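Right, one structure below, let's go through it.
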């Protein structure tokens with residue numbers, strides 16, 4: 001047990017009171033990003049150190065490792081707290097996304113330390129996909145670089161609206177205010193070109209020395225703003241998913257015995273309640289929620305982000321990949337969509353290629369009909385392109401093999417986000433965010449021709465192993 005936790009337990013009167021308080025603290029997910037050697041891992045190590053989140057054995061090991069592998073002379077190399085891979089320690093860089101957890105009296109945090117090297121940009125995008133805030137580090141000696149712009153754009157593309165620009169290594173320029181202000185103006189000029197409105201906070205700091213990280217440093221009397229930790233503890237993040245219409249992608253059909261059939265998954269948006277009428281898509285069948293089951297007991301309602309198992313009143317044909325929505329909501333099935341793509345493999349993306357696509361629990365296939373443009377990261381302008389290279393970002397049009405229920409990524413990242421999977425190697429090669437669903441192919445149940453209904457009945461009767469659904473919504 002570290003000293004900070006021990007002190008909180010003592011102050012709150014025991015372990016149970018401490019755990020109860022932890023459950024009711026808000027959770028903030030943030031990532032550190034930016035160019036290589038800007039000090040991302042050192043900053044996280046400093047946060048953990050100054051908030052007393054390091055255990056005694058970890059601190060002892062850190063002293064030993066700093067002498068053997070450290071790059072800071074006689075000082076503790078705090079980056080070693082985060083860089084756990086042998087290759088990371090040997091090269092002094094971050095390769096994989098490293099997650100760390102800590103808490104203060106005001107909030108709980110999950111940190112994603114992401115790599116700055118261009119070849120690991122895909123790892124950075126992975127880390128950003130679940131975060132609320134991005135800490136963008138800038139080396140005060142180098143200013144705004146290409147990777148700074150790239151990581152800023154990817155963060156906004158993935159829905160992050162709060163950026164903290166941490167101008168690091170101020171100790172190496174004698175804490176010069178003019179240099180800091182120059183970088184601030186350069187970044188603001190760049191940010192004006194980003195496609196969304198952002199909440200941007202600038203903090204000058206020294207991760208190595210600790211100035212303005214968890215406490216204000218005396219070396220910068222000209223700075224009268226908050227520390228980095230103050231920003232993280234007070235930033236207001238609104239869970240927009242709770243305000244959206246209900247979405248429940250089915251991940252797994254839970255059938256432990258003949259007396260129980262439940263549909264497991266995470267509520268992607270909105271709220272679901274016992275007694276609520278829901279519609280199953282794509283079949284269109286309706287039923288009512290009879291139970292909301294969790295490991296800790298039944299709930300009366302489940303909000304966005306909660307993992308639950310739903311039990312319905314009726315025996316309904318539901319499988320992995322189906323979507324449960326409110327019964328009164330009319331959704332449109334589409335077979336084409338405009339999708340923002342971050343390409344993650346050395347083999348370029350070209351029009352005409354087909355991929356396996358995974359959206360929430362559903363796996364399907366899609367073809368890239370065309371690449372509408374590629375984004376020039378330096379200028380954020382659009383340019384004509386017939387392919388997307390590794391780390392390329394662009395807008396493509398996808399044609400799915402079957403009608404799909406899609407939301408815009410900005411409205412719902414779960415039902416509007418996807419990954420591209422190579423059909424031969426089964427490797428994830430890209431990430432996609434639905435910009436705009438296209439081509440209405442929706443038909444109300446019953447709006448089928450006589451021939452279609454007869455063919456559907458024939459297939460279901462003689463070829464049940466094909467898994468065809470009843471177009472009339474029956475079993």
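Quick reminder: no glycine exception, Cβ is built from N, Cα and C everywhere.
For 34-41, 113-117, 168-171, the entry in Swiss-Prot reads GTP binding site, with the evidence type sequence analysis. Under the heading domain 'tr-type G', Swiss-Prot lists 25-240. According to Swiss-Prot, the feature region 'G1' maps to 34-41. Per Swiss-Prot, region 'G2' is recorded for 92-96, and the stated evidence type is similarity to another entry. The region 'G3' annotation in Swiss-Prot covers 113-116. Marked as region 'G4' by Swiss-Prot: 168-171.
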Reduce the DSSP letter at residue 34 (GTP binding site) to three states and note it down.
strand
For residue 170 (GTP binding site), which DSSP three-state class applies?
helix
Look at the binding-site residues 34, 37, 40, 114, 170 and tell me which residue has the greatest number of other C-beta atoms within 10 angstroms of its C-beta.
40
Residue 114 (GTP binding site) - helix vs strand vs coil (DSSP):
coil
